[in-house]
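Here is the structure we will look at.
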Amino acid sequence: MKLFVFLALFGAAFAQRNGFCRLPAEPGICRAFMPRYYFDVEKGQCEQFIYGGCKGNENNFETLKECQDACGEPERASDFEKADFETGCKAAPETGLCKASFERWFFNAASGECEEFIYGGCGGNDNNYENKEECEFACKY
(Lines of atoms letter the chains of each structure in order from A; the text may use other names.)
(Lines give C-alpha, C1' and ligand atoms only; values in the text may rest on other atoms or scores of the structure.)
Protein backbone atom coordinates (compact mmCIF):
# COMPACT_ATOMS: atom_id res chain seq x y z
CA MET A 1 0.00 0.00 0.00
CA LYS A 2 2.81 2.42 0.88
CA LEU A 3 4.48 1.64 -2.44
CA PHE A 4 1.25 2.38 -4.30
CA VAL A 5 0.83 5.74 -2.53
CA PHE A 6 4.49 6.62 -3.22
CA LEU A 7 4.17 5.73 -6.90
CA ALA A 8 0.91 7.65 -7.23
CA LEU A 9 2.38 10.76 -5.59
CA PHE A 10 5.63 10.48 -7.56
CA GLY A 11 3.72 10.06 -10.84
CA ALA A 12 1.50 13.03 -10.09
CA ALA A 13 4.46 15.20 -9.15
CA PHE A 14 6.37 14.15 -12.28
CA ALA A 15 3.40 14.86 -14.56
CA GLN A 16 2.77 18.20 -12.86
CA ARG A 17 6.44 19.17 -12.95
CA ASN A 18 6.62 18.57 -16.69
CA GLY A 19 3.13 19.73 -17.63
CA PHE A 20 4.23 23.34 -18.01
CA CYS A 21 6.84 22.23 -20.55
CA ARG A 22 3.97 21.78 -23.02
CA LEU A 23 2.91 25.43 -22.74
CA PRO A 24 3.82 27.77 -25.62
CA ALA A 25 6.34 30.58 -25.18
CA GLU A 26 4.49 33.48 -23.61
CA PRO A 27 6.21 36.87 -23.74
CA GLY A 28 3.70 38.45 -21.34
CA ILE A 29 2.14 41.88 -21.49
CA CYS A 30 5.05 44.07 -20.38
CA ARG A 31 7.68 45.57 -22.65
CA ALA A 32 10.98 44.62 -21.04
CA PHE A 33 13.48 42.83 -23.25
CA MET A 34 14.65 39.74 -21.38
CA PRO A 35 16.12 36.80 -23.30
CA ARG A 36 14.70 33.60 -21.77
CA TYR A 37 14.28 29.95 -22.70
CA TYR A 38 11.21 27.78 -23.14
CA PHE A 39 10.73 24.14 -24.12
CA ASP A 40 9.44 23.82 -27.70
CA VAL A 41 7.39 20.62 -27.79
CA GLU A 42 7.45 20.38 -31.59
CA LYS A 43 11.25 20.65 -31.77
CA GLY A 44 11.79 18.62 -28.59
CA GLN A 45 14.34 21.11 -27.27
CA CYS A 46 14.71 24.38 -25.41
CA GLU A 47 14.64 27.53 -27.52
CA GLN A 48 15.28 31.18 -26.76
CA PHE A 49 12.52 33.82 -26.77
CA ILE A 50 12.06 37.38 -25.52
CA TYR A 51 10.13 37.78 -22.26
CA GLY A 52 8.49 41.12 -21.52
CA GLY A 53 9.02 40.88 -17.76
CA CYS A 54 5.55 40.15 -16.37
CA LYS A 55 2.72 37.64 -16.68
CA GLY A 56 3.67 34.85 -19.10
CA ASN A 57 3.64 31.23 -17.92
CA GLU A 58 5.84 28.65 -16.18
CA ASN A 59 7.58 27.56 -19.40
CA ASN A 60 10.06 30.40 -18.88
CA PHE A 61 13.66 29.84 -17.76
CA GLU A 62 16.56 32.22 -17.22
CA THR A 63 19.14 29.77 -18.58
CA LEU A 64 19.28 27.02 -21.16
CA LYS A 65 20.43 24.58 -18.46
CA GLU A 66 17.41 25.35 -16.25
CA CYS A 67 15.11 24.66 -19.20
CA GLN A 68 16.89 21.44 -20.10
CA ASP A 69 16.90 20.24 -16.48
CA ALA A 70 13.16 20.86 -16.16
CA CYS A 71 11.90 19.79 -19.57
CA GLY A 72 14.41 17.94 -21.70
CA GLU A 73 17.84 16.55 -22.23
CA PRO A 74 20.69 18.74 -23.42
CA GLU A 75 21.66 18.42 -27.05
CA ARG A 76 24.22 15.77 -27.86
CA ALA A 77 27.10 16.28 -30.27
CA SER A 78 25.42 13.84 -32.67
CA ASP A 79 22.52 16.32 -32.95
CA PHE A 80 24.83 19.04 -34.29
CA GLU A 81 25.77 19.49 -37.92
CA LYS A 82 29.12 20.20 -39.51
CA ALA A 83 29.22 23.66 -41.05
CA ASP A 84 30.49 24.71 -44.44
CA PHE A 85 33.82 26.13 -43.28
CA GLU A 86 33.78 29.16 -45.61
CA THR A 87 30.30 30.43 -44.67
CA GLY A 88 29.79 28.91 -41.23
CA CYS A 89 33.24 29.26 -39.70
CA LYS A 90 35.40 31.83 -41.52
CA ALA A 91 32.91 34.70 -41.64
CA ALA A 92 33.18 37.50 -39.07
CA PRO A 93 30.32 37.50 -36.54
CA GLU A 94 27.36 39.67 -37.52
CA THR A 95 24.98 41.13 -34.95
CA GLY A 96 22.22 41.35 -37.56
CA LEU A 97 19.51 43.94 -38.10
CA CYS A 98 17.32 43.45 -35.02
CA LYS A 99 17.84 44.96 -31.59
CA ALA A 100 17.63 41.86 -29.36
CA SER A 101 20.56 40.82 -27.20
CA PHE A 102 21.16 37.07 -27.48
CA GLU A 103 24.41 35.57 -26.29
CA ARG A 104 25.70 33.44 -29.17
CA TRP A 105 28.97 31.83 -30.27
CA PHE A 106 31.05 32.25 -33.42
CA PHE A 107 34.20 30.54 -34.65
CA ASN A 108 37.18 32.90 -34.73
CA ALA A 109 39.25 31.50 -37.62
CA ALA A 110 42.29 33.58 -36.58
CA SER A 111 42.47 32.11 -33.07
CA GLY A 112 40.93 28.74 -33.95
CA GLU A 113 38.54 29.10 -31.00
CA CYS A 114 34.81 29.61 -30.48
CA GLU A 115 34.02 32.94 -28.83
CA GLU A 116 30.89 34.69 -27.57
CA PHE A 117 29.21 37.62 -29.28
CA ILE A 118 25.86 39.41 -29.05
CA TYR A 119 23.31 38.56 -31.75
CA GLY A 120 20.41 40.91 -32.48
CA GLY A 121 17.92 38.15 -33.29
CA CYS A 122 17.58 38.35 -37.08
CA GLY A 123 19.82 38.49 -40.12
CA GLY A 124 23.51 37.89 -39.61
CA ASN A 125 25.36 34.96 -41.14
CA ASP A 126 25.93 31.24 -40.62
CA ASN A 127 28.80 31.73 -38.15
CA ASN A 128 26.26 31.93 -35.33
CA TYR A 129 25.81 29.09 -32.82
CA GLU A 130 23.57 28.77 -29.77
CA ASN A 131 26.30 27.30 -27.59
CA LYS A 132 30.02 26.64 -27.51
CA GLU A 133 29.62 22.90 -28.03
CA GLU A 134 27.64 23.39 -31.25
CA CYS A 135 30.25 25.87 -32.52
CA GLU A 136 33.15 23.57 -31.72
CA PHE A 137 31.48 20.58 -33.33
CA ALA A 138 30.68 22.55 -36.49
CA CYS A 139 34.04 24.24 -36.96
CA LYS A 140 36.79 22.91 -34.76
CA TYR A 141 36.90 19.15 -35.23
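Residue 1 is the first one shown; counting continues down the chain.
Including glycine, each Cβ sits where the backbone N, Cα and C put it.
For Cys21, the disulfide partner named by Swiss-Prot among Cys54, Cys67, Cys71, Cys89 is Cys71. Secondary structure from DSSP puts Cys71 (disulfide bond) in a helix. With DSSP classes pooled into helix, strand and coil, the tally for the domain 'BPTI/Kunitz inhibitor 2' (89-139) is 9 helix, 15 strand, 27 coil.
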